[in-house]
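**Q** Dumping the structure here so I can ask a few things about it.
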Amino acid sequence: MAGGRCGSQLTALLVAWVAAAAATAGPDQAALPAEQSRVQPMTASNWTLVMEGEWMLKFYAPWCPSCQQTDSEWEAFAKNGEILQISVGKVDVIQEPGLSGRFFVTTLPAFFHAKDGIFRRYRGPGIFEDLQNYILEKKWQSVEPLTGWKSPASLTMSGMAGLFSISGKIWHLHNYFTVTLGIPAWCSYVFFVIATLVFGLFMGLVLVVISECFYVPFPRHLSEHSEQNRRSEEAHRAEQLQDAEEDKDDSNEEGNKDSLVDDDEEKEDLDDEDEAEEEEEEDNLAAGVDEDRSEANDQGPPGEDSATQEELEPEEAEEAISEQPCPADTETVEDSLRQRKSQHADKGL
């Protein structure tokens, strides 16, 4: 009996000890946090961290199936970040439209590599092995970096980030009107159109006020003096233009006169040449007439000519008769000379 009681007591003590141990261990195990993700969420306030060191960024959307398929691979890659000496981050484009505009993300998922502020686009499959080789083998060195206005840190992309942020806020406001308040979509569109017109008018008014504040009108006497100076300058310019036109006309007239004088001189030279040619022709004709007359005188009286003609053969007589000058020919030559002299006199007039 005593042995049975001792055994039951020992069993009860063992059960109590196990229960106590379980009770004490339960709260400790419940207090242990779940395994934390090594992927750091990036926002518009902390995105400048990627400007230092080496980073890999992933842009995703909760509704994107392709993004969900690469979540596990991205987590495994982030766990080896300490070994690879690289930081891993992610950006929700729904919550951070400004960052998606700064990196000009047009497809999802999108991956970027950053090394000391120099960004490159990773276009691989996004699996763990390929990402690991991309860092270990430094494949990013063969990729063209985003420089100039394409760099996320440039002023252009900062403006793009602002536009994307405004569009994201408008989209959230539209969802609030249509989903939360139950307003029809066309009413939301009308509201945004009216708001855009009012905002444009307000900005125009602000610009006018600013211009009026910085514009300093000139005093009246200064404005009149400046107007007089302007008119005097215009009159002086008009006089200069008129003088230039007159000088141009004078030069043209002088050129015309010179050309006329040259033409007259050329005509005189031509006339002199014609006169010389005519004189030579006259001299030649006069010499021919004198020769004919001297030959006629050398032949002697008509009786002797007849005697000699009888002695000559018939053919020689005919040739001698044909060679004697005819008085009608000499008269024709003299008439042509008179006509040429009269034409020359007319040209001289």
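Backbone N, Cα and C atoms are what each Cβ position is placed from, and that goes for glycine too.
The compositional bias 'Basic and acidic residues' annotation in TrEMBL covers 225-240, 335-349. Residues annotated as compositional bias 'Acidic residues' in TrEMBL: 242-253, 261-284, 307-321. If you look up TrEMBL, you'll see 20-140 marked as domain 'Thioredoxin'. What TrEMBL records for 225-349 is region 'Disordered'. The annotation signal peptide is assigned in TrEMBL to 1-25. Summarising the annotation, TrEMBL assigns transmembrane segment to 189-210.
I'd like to know what surrounds each of these features in this structure.
**A** Broken down by DSSP into helix, strand and coil, the compositional bias 'Acidic residues' (242-253) contains 12 helix, 0 strand, 0 coil.
Long-range Cβ contacts of the transmembrane segment (189-210) within its own chain (Cβ-Cβ under 8 Å, at least 6 residues beyond either end) map to 170, 174, 177.
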**Q** Give me the mean pLDDT over the domain 'Thioredoxin' (20-140), rounded to a whole number.
**A** 85
